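First comes the structure, then the notes that go with it.
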Amino acid sequence: MKYLSLHSMAHFIYTSAQIRAIENKIKAQNPSPSLMQRAGLAAALEFKRIYPAPATLLIFAGPGDNGGDAYEMAYQLQQLSKPGISESATEVSFDSAHASREYEIHIVRDKHQQTLSSDALASLARAQSCAIHWWDVQDQYEPVLERCNAIVDGIFGIGLNRPIQAPWDQVIQQINQNRLQRDIAVIALDIPSGLSADFGTVFKPSALADQSASHTLNTNRTINRAAINDASIKASNTFTFIGDKFGLHTAEGRDYAGQVSVMNLDISAEEFPISNIEHNQVASIQAQLQRRAHASHKGSYGDALIIGGAQGMRGAAFLAGRAALHAGAGKVHLGFVDITSENDVPLDIMHPEIMCRSAEQCQLQNTSVAIGPGLGQSESSKELLLQCLKLTHDLVIDADALNLIAQEPPLQSALAQRNQSPLRGFCNTIITPHPLEAARLLSCTVQEIQADRLKAATELAQKWNLICVLKGSGSLVTDGHTCYVNGSGNPGLASGGTGDVLTGLCVALLAQGLCAFDAARLACYVHGAAADQLVAAGVGPIGLCASELPAAIRQYLNRRVGEFD
Ligand SMILES: NC(=O)C1=CN([C@@H]2O[C@H](COP(=O)(O)OP(=O)(O)OC[C@H]3O[C@@H](n4cnc5c(N)ncnc54)[C@H](O)[C@@H]3O)[C@@H](O)[C@H]2O)[C@@H](O)CC1
């Protein structure tokens, strides 16, 4: 299908500034058909594929080029509905006498707010020459809204630069409410209106913050609570143009974008700049996990030690330990804190192969270590963390270990000095903060972290010269230069203990010889994929338990990477 093909750059993600630069470069070449025509045709073809006619389509067109895309899509859909028109045509001559009624198309626009570019004006003219129904945003188009089969959002694209106000704010809530009630397709062109392409955040006008259960808006439109807090379109699908955008995949982006299709508009790969943001594709890393040789033994797959599990949080260490075991570490040790006598040391009855002892008795050298799950913040935990920072080569730092570092300058110095020991060389260090832990580490608020996740993850990785996994929807894995956005996983992971499992998985992969960046990337991917596998089998997302993940991780790894020669 023309313009929808993905080239070798498909795994890259771009900033809106990069997309604008590509757009300007191509536009300067006066291409025919124009980029807007290509965008409209690509959107029409993909829409027709996922939503074949007959159907009633309500298209909302805004004041900028995103609105131009919407006009062009409407025009192209009308053309594609004509009998005998080839789907690979890029420009189709119009003959209104033959216009098919296969799609009943309605367009809503703001007649008083048109500041259209020449491209958008040309697309508007083409659409106006078709059998399309036209509405002003102030008209009562509700009867169409209530019976249409699909809605297209061409209100704002990457040019959105402030919170959305009347009349479009009310329209957005109305569209979201309609989708909630009728479960219809809502297709966003380029990016859902209201979502930031660069941050995955929603521009929220303060007026929306404390609105109550139901509201009568100035066009007599009643909006219920479920839709009221949305200052962005919640799309079922986003057709994004030229290149993929970061905001569609992290922070709030995934909840608003739905299924993303990238349409590169036939722009060749050479026109794209090098991007330092990529989707976390792990095929090449999976290949690095050792295939199991006959003549291998437990020593071949490394030792993993997890330190944590203070009183009341012993389970966190067990979860990490089981994850390390199921992810293939040769030997797994748990070092518990708060142990007063030998008899205090807990055992994992279900997994007696895990070796348990007091943390103080554990060997920190020649072992891949994770510290944090259930660690607590006692003096002895602090001392253990200091020892780990000083003595280990492979170290995963999570949970309370991160909170301690945030509070204690001596721990921060020890972290900063990890790569300066000539004996150890460059260390494998991974931190796995969730947004609150990241906020503590950077002395800011969670809102500030979430407002620019890329900046936060990059800053943490650069500050301490390590690999940072910033957890949350669309987890980021970065070394401070290249950032991978993880696409696997689902809201079933939003429960206690899943982070401990991720930590155990990271340390098991380090133990098996992966470098920190590869281990963190593969761990994130496999952790999410295991959860996706469980949800596909009906285990979650509601009630998915962290303790169910290790076995799913084992299954995933054996299916995808661990084949036995
Ligand atoms: N021109 C082209 O050749 C192409 C354009 N494309 C489309 O063009 C879009 C970008 O176009 P624009 O730069 O015109 O951006 P938009 O279509 O997002 O609209 C920007 C316009 O809306 C105004 N605006 C921004 N925030 C507002 C708010 N909260 N309330 C009211 N008005 C607001 C701006 O002042 C500006 O006039 C892309 O997202 C994409 O959809 C793509 O199709 C690629 C090709």
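In case you wondered, yes, glycine gets a Cβ from its N, Cα and C as well.
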**Q.** Lys471, Gly472, Ser473, Gly474, Ser475 bind AMP per TrEMBL; candidate in Gly499, Gly504, Gly513 listed for that same site
**A.** Gly499
Q | Of Gly258, Gly372, Gly374, residue recorded by TrEMBL at the (6S)-NADPHX site of Ala316, His434, Asp500 | A | Gly374
(Q) Considering Cα atoms only, can you say which of Gly472, Ser473, Gly474 is the nearest neighbour of His434 ((6S)-NADPHX binding site) among these binding-site residues? (A) Gly472
Q | Entry from the binding-site residues list Gly374, Gly472, Gly474, Gly499 having the most other CB atoms no farther than 10 A | A | Gly374
Q. Taking the Cβ of Lys471 (AMP binding site) as the centre, how many other Cβ atoms fall within a 10 Å radius?
A. 24
Q | Cβ-centroid neighbourhood (8 Å) of the AMP site, Lys471, Gly472, Ser473, Gly474, Ser475, Gly499 excluded | A | His434, Leu470, Leu476, Asn486, Gly489, Leu493
Q: Check each residue in the chain of Ser475 (AMP binding site) that is at least six apart in sequence and keep those whose C-beta is under 8 Å from its C-beta; list them in sequence order.
A: Val469, Val485, Asn486, Gly489, Cys524, Gly528
